[in-house]
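Okay, structure first, notes after.
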Amino acid sequence: MGLFNVTHPAFFLLTGIPGLESSHSWLSGPLCVMYAVALGGNTVILQAVRVEPSLHEPMYYFLSMLSFSDVAISMATLPTVLRTFCLNARNITFDACLIQMFLIHFFSMMESGILLAMSFDRYVAICDPLRYATVLTTEVIAAMGLGAAARSFITLFPLPFLIKRLPICRSNVLSHSYCLHPDMMRLACADISINSIYGLFVLVSTFGMDLFFIFLSYVLILRSVMATASREERLKALNTCVSHILAVLAFYVPMIGVSTVHRFGKHVPCYIHVLMSNVYLFVPPVLNPLIYSAKTKEIRRAIFRMFHHIKI
């Protein structure tokens, strides 16, 4: 018998938010707004970095990578969610579900790697400013971006195969708005310990290590800033980190909450679990362009000039 000659449903049924099905129609309105803001805001930042010479610097190249990742995550999830909420079209084929699962986890891990690269950018800019231009060359920036994507692909490539090896015969109903590895594996009528162990390994070895090194970079940044004599210089240096810190919090705080509920929240209502997952995936792509537009005057100026030229 072949490795993948096991029972799989032809399609899954997505419940959306279990227990809140009657609210799906009015929830679709805010979700449409979030989708538009995520796509529009991040596309504007991508275009601003592309056309504005003053933004051709490492910090903004990393920001454009973050915006690309946010657009990709939004496009991988929100159309399915809106189709479920607006049209009550809940079915998704087994293979499409696998692809969506891979893309969600891939771009989430890629975003974590980009946030780590951005923390390194802030570390070099503040702790070793004289070498900033020589350390973060265009080649190094491109290599860091490709490295984040390659790490995500290599680490997550086994996930679809780990699901395909499992016989799924309990149900074809996914109590979620989209397809994720933990929810799919729980439908299996076989031992899922390998999937659970690999999922925990991925969580700790990538997201956990990224967060550790981001924290370490800010410890070193804070130590360097505190050694600066001038209070004005300290505030100026720390102000350059505010946008990145907010982006890190917007990404990791919901992720830690979701991961904790996934593994330890057996008595947490299902709708709370799904709502937290939606916040984790939908909110950062909406907040990131707003954070950087509000806190970074160079971005605001570039966007203003870009729209001014379009108007003319």
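In case you wondered, yes, glycine gets a Cβ from its N, Cα and C as well.
Per Swiss-Prot, topological domain 'Extracellular' is recorded for 1-25, 76-99, 161-196, 259-273. Annotated N-linked glycosylation site per Swiss-Prot: Asn5, in sequence order, evidence recorded as sequence analysis. According to Swiss-Prot, the transmembrane segment annotation covers 26-46, 55-75, 100-120, 140-160, 197-217, 238-258, 274-294, on the basis of sequence analysis. Marked as topological domain 'Cytoplasmic' by Swiss-Prot: 47-54, 121-139, 218-237, 295-312. Residues or ranges marked as disulfide bond by Swiss-Prot on the basis of sequence analysis: Cys97-Cys189.
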Exercise. Using a Cβ cut-off of under 8 Å, list the residues of the same chain at least 6 residues beyond the topological domain 'Cytoplasmic' (218-237) that approach it.
Key: 119, 122-123, 126-127, 245
Quiz prompt | Range from 26-46, 100-120, 140-160 with most C-beta pairs under 8 A to the transmembrane segment (274-294) | solution = 26-46
Quiz item: What does DSSP give as the helix, strand and coil breakdown of the topological domain 'Extracellular' (259-273)?
Solution: 10 helix, 0 strand, 5 coil
Self-check item: Within the topological domain 'Extracellular' (76-99), residues counted as helix, strand or coil by DSSP
Solution: 18 helix, 3 strand, 3 coil
Quiz prompt | Surrounding residues of the topological domain 'Extracellular' (76-99) on its own chain - C-beta under 8 Å, 6+ positions past either end | solution = 8-16, 24-25, 27-28, 31-32, 34-35, 38, 107, 160, 163-164, 174, 177-179, 184, 278, 281-282
Exercise. Run through the topological domain 'Cytoplasmic' (121-139) and tell me, per DSSP, how many residues are helix, strand and coil.
Key: 16 helix, 0 strand, 3 coil
Quiz item: What mean pLDDT does the predicted model reach across the topological domain 'Cytoplasmic' (218-237)?
Solution: 86
Practice problem: Please indicate, using numbers and ranges, the residues of the same chain that are 6 or more beyond the topological domain 'Extracellular' (161-196) and have a C-beta under 8 Å from a C-beta there. | Solution: 3-4, 6-9, 11-18, 77, 80-81, 84-85, 92, 97-98, 100-101, 104-105, 262, 270, 274, 277-278, 281
